[in-house]
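Colleague: Handing you a structure now.
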Amino acid sequence: MGGAWQEAVVRSIGAADERMVRLSGWASLALALGLVCVVVPVVNYMRLNPWVFRVMHHWRHHVMRRHGAMCRKLVQQRTLWLALLWCMLGGACAVVGSADVVVVTKRLGRVAAAFMPALFLLTLRPSPLPYTLYLSLLPMHKWLGRVVVLQATVHSALYTWYFATSGKMAKMKKTANWMGAVALLAFVLIAATSLPAVRRRRFRTFYYVHYVGTWVSVLAVHVHSRPPVTTYTVLNVALLLYQAWYRISRMSTTTVTVVPISTSLALLEFPLADLVEKPQLPSGHVRINLRAPSILGRVFQHIMPMQHPFTVASLPTDTTVRLIVRKSRFPLVNNGKYYVTGAFEPKVDFLSHRKRRMPGSWAPEPASPFQCQSPSLQSSPLHYNIKASRVLMVVGGSAISFGLPFLRILNFNGVNVRLIWVCRDYHDLRILSQFRSNFNGLEIYVTGTNCEEQDLNIDYVDYDERSSEGERDPERCALLSPKASEYNCLTPTTGGSTLSGRDAHNYSTFQNRCHSCKHLDRGCRDLEDHAIADINDEIDFTDFFSTRHSTSKYHPKENSKLPVITKDSVFRKPNYVVPPVFDRYDLKTGFTTYTTREKLSIPTGVKLFFGRPVLSPRDYHWCLQKECIGPSETNECCRADIANSTHVDDLARVWVLAAGPQALVEATRIWASDGGLHFHEESFKV
């Protein structure tokens, strides 16, 4: 083998081999940039096309369902397909057209260097690619980076083995060769700190190693590579400098007010005027960090700005920016000075800012067929162009900040919307009192568990077309997790029963279930019977406002005063709930603690559930419902049209949104994919 290496080295000096190495680098650069800059935006755009949606819906909801659950799970593994894509692309660029081991070794290093511009392009915030949110590019960035590290490692290992077996280790003293070792060390450190266990527990270490290692690897690869990679280096440095310039130019200092909400949530407020880039769409996000007290610390923060992303819970028209923050390691200092960057737009495909008509122009604005186009609505600052008829949102924990602005905007623009919020503690409901909004469609699920917020999840039940015919399927109960089934399959509905209160025994029973769920029997009520919910399932606070006499005529008495409408009476008054005293087992101390009664203000229109939500066929049928032609107590006018053409056309105007913990977002994505629905996620996962 050593002789073959030596003969190959002699042959590799030829011009033909050098051209092959250069060609593989240019091909890798073109393919990677083409995939990122062209294929990704085109795919995102084509998903919005009605014909493409019809084909994808038929493939996901009808064809794939015939091949069993294992086949569907295999298709839904985005991580697997991304890994295969980049491994096949990198391997093909390094191997195809050459059988010489030395040429292949050199091409491995060349391809790794050629992939770096595309790797850095995927990290730009915000992404310059149309129809693309930069958060959605992070999985692709991770796997492309792993392929780069793998190819660089194989390249270095083969050359090191050759130097060792041929007695030429002295060549490692050359600047170009030991700079290659420096580049490899930077790659390995980046890969090691990028492991989930390190990245989540030691994020600061991960960030600093990632930031420093990026610059070290770019410079070391430039010195090491032969033939030179000047073009790659120019692209890499340009992308990194652009990202630094964009961040610094949109960074400002603000004073933050911290409002405690519960043991797990806090509300941060600062003036909108302090943002350099004002938000245009709801549910954008900003990146924020506590300003260092010393000048050297501030300089360091500008060089290596580690900022935390938070979704803006307020509307773009509000004068105050509000952030709902989970209490963790992020420093919360009332009236403290913070650096804030942004805002970054959410890039939700069905929503766009209205285009103002130019003075003197008679061209009408494009009207959405799903919205009321009254002059008063179009003149409102809350009016947006919305190409959706129904929106189902699922959020967990502090990600309610993503759902609240959308809930208000969609309700205002006449879009049917449901917002499912999964939280751990009912005290988190205090956050609703900080927002004056239309909460119609908000459903809250209190799990009552002691898990971390990132462990919040949602269950989903597999379904088929037979469930729309009312067939009872007792096997569905076995598909639910223990936490879902023990709460009687609390699937959200649009027509559940109501109650005015809950006694102390039932609430205490719920709390006990939360802490001993593993010892309970799995019981599940059939999904078709959920519309007749019993009184232990749901609290619908709209029942406090009786409508029995709403159609009666109003006959004012003589000298009676008409009600005066003020700005405080625009929204319906909230209801107050006094939870009973219940016991909670403290895992840290090992003792049972007792909470005191506390009055909580619950806005009207909110539905409160105890347990873990389950996305089921009933939610899918809600997505199929049409507009009601008038008020109805039975909702019989809102029936789904199961005809194939109308069925797909209706679903093309339905969107499913998810935000929050990764497990919750992934479960919602799979449910939406099985149903062939549009899906958008907002997850700041690391």
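Any Cβ shown, glycine's included, is placed from N, Cα and C.
Keep in mind that what you see is a predicted model, and the values were worked out from it rather than measured.
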Colleague: Looking at 147-167, 420-440, 651-671, I want to know which stretch Swiss-Prot calls transmembrane segment.
Modeller: 147-167
Colleague: Excluding the flanking five residues on each side, which residues at least 6 beyond the ends of the transmembrane segment (205-225) place their CB within less than 8 Å of a CB in that stretch?
Modeller: 109-110, 113, 116, 120, 175-177, 179-180, 182-183, 186-187, 189-190, 193-194, 198-199, 232-233, 236-237, 240, 304, 306, 686
Colleague: Tell me, by DSSP, whether Val312 (FAD binding site) is helix, strand or coil?
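Modeller: Val312 (FAD binding site) sits in a strand per DSSP.
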Colleague: If you count Cβ pairs under 8 Å, which stretch among 23-43, 79-99, 147-167 touches the transmembrane segment (111-131) the most?
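Modeller: Per the Cβ under 8 Å count, 23-43.
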Colleague: For NAD(+), what surrounds Ile431, Leu432, Ser433, Gln434, Phe435, Arg436, Ser437, Asn438, Phe439 with a Cβ no more than 8 Å from their Cβ centroid?
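Modeller: Here the non-site neighbours turn out to be Leu404, Pro603.
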